[in-house]
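K.L.:
Dumping the structure here so I can ask a few things about it.
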Amino acid sequence: MTNIRKTHPLMKILNDAFIDLPTPSNISSWWNFGSLLGLCLIMQILTGLFLAMHYTPDTSTAFSSVAHICRDVNYGWFIRYLHANGASMFFICLYAHIGRGLYYGSYMFQETWNIGVLLLLTVMATAFVGYVLPWGQMSFWGATVITNLLSAIPYIGTTLVEWIWGGFSVDKATLTRFFAFHFILPFIITALAAVHLLFLHETGSNNPTGIPSNMDMIPFHPYYTIKDILGALLLILTLLALTLFTPDLLGDPDNYTPANPLSTPAHIKPEWYFLFAYAILRSIPNKLGGVLALLLSILILIFIPMLQTSKQRSMMFRPFSQLLFWTLVADLLTLTWIGGQPVEHPYIIVGQLASILYFLLILVLMPTAGLIENKLLKW
């Protein structure tokens with residue numbers, strides 16, 4: 001008799017996705033981040049659900065309800081900090097996952113890649129609206145500054161901003177709708193992640209060499225389930241260390257001050273995982289130009305498959321491209337640092353140079369390196 005997991009309609013789907021899935025035998029730990037993102041998503045939905053049971057999305061009580069969660073709810077402080085730091089872990093895994101895709105040419109699976117870009121945008125939207133909910137100073141002013149960027153859109157900008165606010169400023173209506181968005185978006189992310197996996201399993205996984213591995217596949221279970229469990233344990237260990245020892249390390253002290261529309265914080269900045277984009281936004285001394293650069297800094301990922309000039313898929317055997325890739329990583333770290341600094345002399349020019357280098361690397365230098373490496377193959 002055939003095993004039930006191969007015959008039952010539901011079990012069969014799970015079996016084909018996580019048990020008998022043919023997987024390249026040589027994928028490295030960089031391929032762990034997909035499953036870690038799944039783990040982060042489940043964890044965020046669960047902690048978020050318990051927080052939503054005690055949170056009130058109203059300007060007069062939101063800040064107090066978060067304080068109430070931390071003080072009066074059993075292990076409320078733990079759930080709250082798991083959720084806040086879980087978002088940071090989510091973005092660390094997300095950026096590592098995208099970096100892996102860029103390095104090894106996984107973007108050549110275009111449907112999977114495009115759904116991935118859509119997932120990134122949705123996760124960023126979720127994190128942004130979520131940051132507004134505690135209704136601290138940085139929540140309020142972050143929401144004001146970022147939503148206000150839409151007013152740069154010609155003709156409809158101002159109307160659009162007031163429509164999103166639900167009034168003439170960030171107020172009760174804004175907070176209520178942001179809570180609604182923050183609740184629904186993770187479920188949309190879950191659905192998109194399922195489609196992401198569906199498209200991936202149409203082609204099978206890429207591998208570090210970028211060479212088709214159809215002749216050398218092994219079953220996902222037990223070989224990669226055990227490897228994923230190790231990754232999951234390391235992720236949980238890091239998250240617990242962060243949550244239990246330094247829960248506020250990645251947060252902003254200003255968010256412990258209740259939102260006050262009459263007092264602007266000295267330095268308005270988003271959470272660390274948006275700082276690179278914020279630095280690109282600030283580096284252009286024009287509102288519309290900055291907004292366009294901000295959008296393009298993320299949407300540029302869609303054009304990556306079209307910018308592939310090399311005959312080789314992966315960067316494994318392409319030293320010039322490797323050098324440029326790690327330069328890009330260093331550039332993004334520089335932008336992240338600049339995004340958190342005040343707008344004054346040395347930082348402004350460094351931010352502008354780093355922003356120019358970001359677009360130059362992706363649009364010009366990397367495709368050129370690919371062409372040069374093609375020439376070198378003939379030597």
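The first residue you see is number 1, and the count goes up from there.
Note: Cβ is positioned from N, Cα and C throughout, glycine not excepted.
What Swiss-Prot lists as heme b b562 binding site is HIS83, HIS182. As annotated by Swiss-Prot, heme b b566 binding site applies to HIS97, HIS196. According to Swiss-Prot, the feature ubiquinone binding site maps to HIS201. Summarising the annotation, Swiss-Prot assigns transmembrane segment to 33-53, 77-98, 113-133, 178-198, 226-246, 288-308, 320-340, 347-367.
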K.L.:
Would you kindly list the residues that approach the transmembrane segment (33-53) from elsewhere in its chain, counting only those six or more residues past its ends and only Cβ-Cβ distances under 8 Å?
P.N.:
69, 79-80, 82-83, 86-87, 89-90, 93-94, 96-97, 100, 182-183, 186-187, 189-190, 193, 228, 231-232, 235
K.L.:
Determine whether the transmembrane segment (113-133) and the transmembrane segment (288-308) share at least three Cβ pairs under 8 Å, counting only pairs 6 or more apart in sequence.
P.N.:
yes
K.L.:
In this structure, which of the binding-site residues HIS83, HIS97, HIS182, HIS196, HIS201 has the fewest other Cβ atoms within 10 Å of its Cβ?
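P.N.:
Comparing Cβ neighbours within 10 Å for the binding-site residues HIS83, HIS97, HIS182, HIS196, HIS201, HIS201 has the fewest.
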K.L.:
Taking 3+ C-beta pairs under 8 angstroms (sequence gap of 6 or more) as contact, is the transmembrane segment (77-98) in contact with the transmembrane segment (226-246)?
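P.N.:
Output yes: the transmembrane segment (77-98) sits against the transmembrane segment (226-246).
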K.L.:
Under a three-state reduction of DSSP output, how is HIS201 (ubiquinone binding site) classified: helix, strand, or coil?
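P.N.:
The three-state answer is helix.
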K.L.:
Could you name the stretch, out of 178-198, 226-246, 320-340, 347-367, with the greatest number of CB pairs under 8 A to the transmembrane segment (288-308)?
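P.N.:
Going through each listed stretch, the top one turns out to be 347-367.
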K.L.:
For the transmembrane segment (320-340), could you work out the same-chain residues 6 or more beyond its ends whose Cβ comes under 8 Å from its Cβ atoms?
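P.N.:
For the transmembrane segment (320-340), the sequence-distant neighbours (Cβ-Cβ under 8 Å, at least 6 residues beyond its ends) are 99, 102-103, 269-270, 272, 274-280, 282, 310, 347, 350-351, 354-355, 357-358, 361-362, 365-366, 369-370, 372-373.
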K.L.:
Please indicate, using numbers and ranges, the residues of the same chain that are 6 or more beyond the transmembrane segment (226-246) and have a C-beta under 8 Å from a C-beta there.
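P.N.:
Sequence-remote neighbours of the transmembrane segment (226-246) are 29, 32-33, 35-36, 39-40, 78, 81-82, 85-86, 88-89, 93.
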